[in-house]
Amino acid sequence: MTEGPVDHLDPNWRNSEAEPDSFDFDAESEAQIAKILARYPEAKKASGVIPLLYVVQKQMGRQTGSAWVPRIAMDKVGERLGMAPIRVYEVATFYFMFNTKPIGRYHLQVCGTTPCMLRGSDDVLRACKDAGKLKGYGDTSEDGLFTLTEVECLGACVNAPILQVDDDYYEDLDYGRTVELIEALRRGERPAPGSTTGRQTSAPEGGPLTLLDVPMLEERGGN
Amino acid sequence: MSDVKLIKVTVDGEEVEVPLGATALQAAEQAGKEIPRFCYHERLSIAGNCRMCLVEVEKAPKPVASCAFPVMDGMKIITDSPVVRNARRGVMEFLLINHPLDCPICDQGGECDLQDQAMAYGGDHSRYHEHKRSVTDKYLGPLIKTIMTRCIQCTRCVRFATEIAGVPELGAVGRGEALEITTYVEKALSTELSGNLIDICPVGALTSRPYAYMYRPWELAKTDSVDVLDATGTNIRVDSRGPDVIRILPRVHEEVNEEWMADRGRFSFDALKKRRLDRPWVRQDGKLRPVSWPEAFAAIAARLKGVSGDRIGAVAGGLADAESMVALKDLMAALGSANLDCREDGAALDGSERAFYLFNSTIAGIDHADAVLLIGGNPRVEAPVLNARIRRRAMARVPVGVIGAEANLTYPATQLGDGPDALRGVLEGAFGDVLRNAKRPLILLSRAALARPDGAAVLAATWALVRSLDAVTAEWNGFNLLHTQGGQVAALDLGFLPGQGGKDLGAMLGGGVDVLWLLGADGFDASLIAPGTFVIYQGHHGDRAAGRADVILPGATYLEKDGTYVSTEGRVQRGRRAVFPPGEAREDWRILRAASELLGHALPYDDLFAIRARLAEVNPVFSRVDEVPQPAAVSAAPAGEAAATGSAAFAPGITNYWQADVFGRASDVMAECARAQAPSPAMAAE
């Protein structure tokens, strides 16, 4: 929320025009729901509201290419869990991981918190804007491919700066590699997530410097 | 309450004893300390989100929210110290960051918790220079005006709607600065208790739409009275200015309405200015002509001359006060008539024993019931505040069974059938065990279930059911009749029923009388009155019956006269005059007193004291104000053959809550509510 004051919520936030007429869980979702609900006792099945909303968002992504949670689907979740609809709306609007408006096919989530910012998240943001043809945070590109969002710390500071695309982390980015990533997404490819410099997990750049020989580990036959 | 362990707590050096599990705020209240609060409300769950009630607790590292902090033995609480005051000032400063400075145009002004507490803890200037947020207003129906920028997110309204009203439609969506109280899908709240949201809102976010921009609270004259538009006996405060009722608020009465009030009683008073009968009328040559009082009385006297007593009848309406009914009864007796009836709906009430027509378990007794059976009605629309109590029991897992039309009661209930057959067979079913195992079963019979051909049988069958559960004892009487209008129990207490050889309503309408005196009786189809009958209509609104009248005597509404009313639980309460009746209209018992003189049978009372003495003479219960009868073992049974019940399903008694009585029908506000609440496809699509 860095770009100007938020005076109030968009009065059209209920997206009457984007709202689908109906929503039903597909077979894949039903299988996931059965698994999720098995975790909770029948009387406490409302606990499944967050996972179920996530199932909805995933299904919308599969079906329409835009992973968001329409209101009518929230009603379905409430129905399934025996909750009043408003209780579901409260949860869905509280977590910004749930998109209550349609978004682009790829959700570009730029981490702008201090470590990423120090490591060059401004470049990542600029790359997203340039390559994705986006005006700024909250914008969806005209081709409907990208939506740009600023997120708070993604918890991967050692590999900063981070760009989260949908569920995947792309790490150790700079301007050029971010542009490459976005171009690849535009072509329909999904580059392997993780460090874009090829470093192993969060080991030091250029390879591990410590624990180079761990006798115990070798004895066990590990790597 | 002897099993509750008491512990000692020190509040500002003063030792108090509180039950284990009490909060620091309750302990402080007990010590007489005032703790400022916004989100805490003693009848709602604890939210702990406004932080205004911060106090210091010895050994605690920082101030704690007293509303959500359970006390322990020996705890020392400090409610007033520099730390506490500073903490509250800080909270207040944050609360005021986004609160608009529009007190001069805010309807809450003068009775606003935020305004009051800002006087104690607010700063003299703001240190905040950034943008203030503003929030779009929400539509919550025709009764509640919203200015959501003023909202401080205490969530009292959300909790009230969810917990008391039982309509989980309000919620807090979004988070942080974007948090808003909303219904998300814009629609009127589907509750009959929505006016209470206005009372519990500590700021001016939810205010009364009809009261918008009218007056400041201190400009209004306040009259304590009772609501008669349902039979709960809700205690009210009528705020008036000159000749106008400006608003009606509930008063606290723990055993009746706690502090809630139903919407029709609260908002239908605009009917005081609509369709009123404000002068006498007499029908001449088929047309009603305005006349003076003496002319109207003369017309009655002329018609009554030579008519024998048994050809005269009187019907009392559901909102009539006890004073006017005793006067009318005495007048009829003087004229030699025993043709009296107060049952406009034809309900087969049995007046022979008080327990046959009362809510015997009492309204406060609902809190002790351990099984509830609702028969033939929907308490949600018949008595919304009483229904909220039943809801509280239902939420405490007390089983509720329903025999009658299916309806949304706002709490889970087991549907046991829809007709008298289900009532007679209830003990055989699964719910029979529930009732048999209950120590204090509460059987609630809606009056609508008696207003049918087999009504007497339904009454007898219900009584027999309660008897068979052994629930008519000196400790507990589980038989409860729920009336729908505030004057009916008083009418029954006065014996406003056909006397020896008297005719009932049906017989009177069908040509059984030549002269029919209607005291505010609008509850039946006036076209049923036989063509030759001379109808005297005494009432306040030109409603159903007034158009059929030959003489109209303009009376006063319950807000315009001192009256005695008896609630459905048998509690005698006094209503007081808040404003004067319009024009020529007069208090009803005075009209009857004046008429009696001109008819040659002057009634022996000239003032309120005398007529109230007469009330107590007719029935001693009228001398015991604000008392409910103690349960007693009753050996008699209502007349009626329990086996004679029909098979027709119980019809829902009230289908349109908003326009169920003469006030609702005349009120524009209620008409708007009826429109907003009607399930129309256009609203649903919005």
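Backbone N, Cα and C atoms are what each Cβ position is placed from, and that goes for glycine too.
Just so you know, TrEMBL annotations are computer predictions that nobody has curated.
Database features (TrEMBL):
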COMPBIAS  A:1-11  compositional bias 'Basic and acidic residues'
REGION    A:1-21  region 'Disordered'
BINDING   A:Cys111, A:Cys116, A:Cys153, A:Cys157  [2Fe-2S] cluster binding site
REGION    A:186-223  region 'Disordered'
COMPBIAS  A:194-203  compositional bias 'Polar residues'
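Reduced to three states, the DSSP call for A:Cys111 ([2Fe-2S] cluster binding site) is strand. Of the listed binding-site residues, namely A:Cys111, A:Cys116, A:Cys153, the sparsest Cβ surroundings within 10 Å are found at A:Cys153. In this structure, A:Cys116 ([2Fe-2S] cluster binding site) is part of a helix by DSSP. In sequence order, A:Thr113, A:Pro115, A:Cys116 are the residues near A:Cys157 ([2Fe-2S] cluster binding site), counting only same-chain partners six or more apart with C-beta under 8 A. Broken down by DSSP into helix, strand and coil, the compositional bias 'Polar residues' (A:194-203) contains 0 helix, 2 strand, 8 coil. Highlighted in sequence order, A:Gly112, A:Thr113, A:Thr114, A:Pro115, A:Met117, A:Ser121, A:Glu152, A:Leu154, A:Gly155, A:Ala156, A:Ala160, A:Pro161, A:Ile162 have their Cβ within 8 Å of the centre of the Cβ atoms of A:Cys111, A:Cys116, A:Cys153, A:Cys157, the residues recorded for [2Fe-2S] cluster, and are not part of that set.
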